[in-house]
Amino acid sequence: MNAVWIDEAPVAGAATNSLKIERETHKLEKRLCREVGRAIVDYNMIEEGDKVMVCVSGGKDSYAMLDILLKLRARAPIHFDIVAVNLDQKQPGFPEEVLPRYLSELGVDFHIENQDTYSIVKRVIPEGKTTCGLCSRLRRGILYRVADELGATKVALGHHRDDMLQTFFLNMFFAGKLKSMPPKLVSDDGKHIVIRPLAYVAEKDLVRWAQHREFPIIPCTLCGSQENLQRKQVGEMLREWDRKHLGRVENMFTALQNVVPSHLLDGTQHDFKGLKATGVADEDGDKAFDTPSFDLLSQAPAALRILQG
């Protein structure tokens with residue numbers, strides 16, 4: 001009898017690798033649910049009896065937002081409804097069958113709104129000029145109308161942590177403002193509450209989750225406007241910092257939640273003109289002649305690298 005020897009090492013290695021991937025994916029899911037849940041609680045985004053209109057574009061962010069919200073709804077201590085909405089703007093090449101098929105298979109209530117805003121923008125905006133302003137206004141108006149028609153009490157958008165930081169830098173670099181994307185706001189028509197449940201979520205986690213879930217991603221056919229080019233450049237800057245300087249992006253995002261108006265220059269946010277010496281010592285008062293100190297410097301070598309980078 002001939003003996004056949006089988007090397008079991010590759011099989012064992014594959015099994016170990018599979019278990020590792022499964023564990024990492026489980027950790028990722030827990031982190032996404034935790035961060036979305038924390039944002040919802042911190043900003044009171046969703047309340048008892050809400051009907052949340054989840055805007056789904058076909059990109060990884062909106063797919064992930066819908067996915068995580070459905071998971072959270074299943075175990076939430078309150079009741080709320082979800083309806084997924086896609087605005088088909090009739091851009092050339094948009095695969096209109098993808099989202100209805102996916103949402104039907106998912107079993108979620110959904111609505112596809114067909115509006116040819118693409119032709120309107122092309123007709124009104126001269127060739128070579130930016131289309132962002134008009135396109136955005138048209139899209140907003142349509143989605144707010146649909147929210148009214150569906151009886152939605154909240155409109156959920158899929159902007160994440162990196163989008164908020166990109167917007168902060170775009171406003172600072174090109175508009176001279178310290179302004180980002182709020183996690184929750186009242187719409188410009190005064191009738192709707194808009195929420196961003198992914199406010200605490202890093203884009204790199206959404207990329208991994210989309211790969212794991214195999215969402216049917218619809219390629220984004222951007223118009224190539226200057227604003228989008230600038231956003232891409234700022235996004236690459238943030239990714240480069242994230243690669244080279246551990247903790248920098250997290251610290252910047254934390255800074256958006258720790259604003260000190262008295263140490264900026266906006267007189268509408270702090271009464272500099274009315275300041276008077278009271279003669280009473282303040283332990284938290286500014287030490288004007290001292291060099292600012294950063295607690296992080298004494299706590300972590302990585303922070304020192306962040307500041308020096």
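Cβ from N, Cα, C; glycine included.
Feature annotations, courtesy of Swiss-Prot:
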| type | residues | note |
| --- | --- | --- |
| BINDING | Cys132, Cys135, Cys223 | [4Fe-4S] cluster binding site |
| MOTIF | 57-62 | motif 'PP-loop motif' |
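Counting residues per DSSP class in helix, strand and coil order gives 3 helix, 0 strand, 3 coil for the motif 'PP-loop motif' (57-62). Same-chain residues lying 6+ beyond the ends of the motif 'PP-loop motif' (57-62) with a Cβ under 8 Å from its Cβ atoms: 86-87, 98-99, 158-160, 198, 203, 206-207, 209-210, 215-218, 220. Mean per-residue pLDDT, taken over the motif 'PP-loop motif' (57-62), amounts to 96.
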